[in-house]
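All remarks here apply to the structure that follows.
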Amino acid sequence: MSVAERVTSRKRGSQRISRPSETTDIESDLITFPHVPIHTNISQTEDNDLDENNKEMERVLGLKGDKLNVAVLIFLYVLQGIPLGLAGSIPMVLSSRNVSYKEQALFSFVYWPFSVKLLWAPIVDAAYFPKFGRRKTWLVPIQYLIALFMWTLSNHVTDLLGNAGDETFQVDVRTLTVVFFMLNFLAATQDIAVDGWALTMLERRNVGWASTCNSVGQTAGFFLGNVVFLALESADFCNTYLRSEPQPEGLVTLGSFLKFWSYVFLISTTLVAIFKHENSSDEEDNEGIIDTYKLLGKILKKPAIISLIGILLTCKIGFAATDGASGLKLIEAGVPREKLALLAIPMVPIQIILPLIISRFTAGPKPLDVFVKAMPYRLCMGIVFALLVYWTSIVKQSYGEHPFWYYIVLLIGYALHQVAIGL
């Protein structure tokens, strides 16, 4: 008997799963709530048998039949990361335009859509056209809108930002904030649709790959929209590493970069709309929009949730300045923004590997233990970066550059900070 046949035989003999408890509580109500995994009441012995069967099936089949789906998901998450990366690069561009910290703080509102997307996630999950597809109903028009926003912004971004070195130009920070807020709102809505589609696009045995696709794709997209853009937009970087003859501008401008990605969004969305079909088995149980919001209200009234909300709303007070202003103060002290952006390259492996390492400590009955224990170290990083900012102006050489070893020390500081954030 082949391995596959043994797996099939064993699965047939292990389907006696006890029914969930009949007691109605908030967890049983969560079965149809979007993006929340639910575990039924399965006996320990049968649960172990199923886990063993599933592991052997995964070993035999692997990503067979899902390789293209994984590639599609990663690409969709890459697209999602582009607006996030661009939004993250704008503060560095603004710092070179002598924009005040008050206006920088105003621009920071563009990140809010990803923080509060739970408020409209039930609508995205419940309202759709069955003939077109539950996820494509939202994904396709949203990505077309992102393409339209990027293309329109590419034609007017110079009017909003002005040219580098023009100290008389008044940057229109309010309009930039509104535009990028809407861009991130669309990206957050796309994230809801892709997260839901990932659960049905992949075979059940490969659903665990969804989070990996999210992490890899969004990190790559942010990297392209932030680090790659800042490097290619910098005349100094391009003249030093990419050109034989110096030019006054970089290889790309914000306008040309936006226009390029608007075409990528347009073409890729059209291809997905035509050629990528949703599984016919995607017949998930679905409560109405009003019922889902009622369920959300019940969840938010639970004491544990209220406590968690309070913690999450206040826990960053101690290191908000470190996270938000350190990079801007380093640029103000003379560190080129493109070199500061390039320091993010070594951080990518840490961002990917660290969650895998700490997952064993956060999967138990006390998942916030690591978060609480890491808090003092993250607070200490505020002192470290304050010293780094002060030290930056001291080690600056007479011709305006910083020595190589300074960037090594700065890289170590960023690595420690990334570890503290990841915990």
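Note that the numbers count up from 1, one per residue, in the order the chain is shown.
Placement of Cβ uses the backbone N, Cα and C atoms for every residue, glycine included.
Sequence annotations record features per position, and here TrEMBL assigns region 'Disordered' to 1-23. Per TrEMBL, the feature transmembrane segment maps to 68-90, 110-130, 137-153, 173-194, 206-232, 252-275, 304-321, 341-363, 375-392, 404-421.
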Beyond the flanks of the transmembrane segment (252-275) by at least 6 residues, Cβ under 8 Å: 72, 75-76, 79, 82, 86, 93, 136, 139-140, 143-144, 146-151, 153-155, 157-158, 161, 225, 229, 232-233
Contact ranking winner - 68-90, 110-130, 375-392 against the transmembrane segment (206-232), Cβ under 8 Å: 68-90
The transmembrane segment (68-90) versus listed stretches 110-130, 137-153, 173-194, 404-421: most Cβ pairs under 8 Å: 173-194
Candidates 110-130, 173-194, 404-421; stretch with most C-beta pairs under 8 Å toward the transmembrane segment (137-153): 173-194
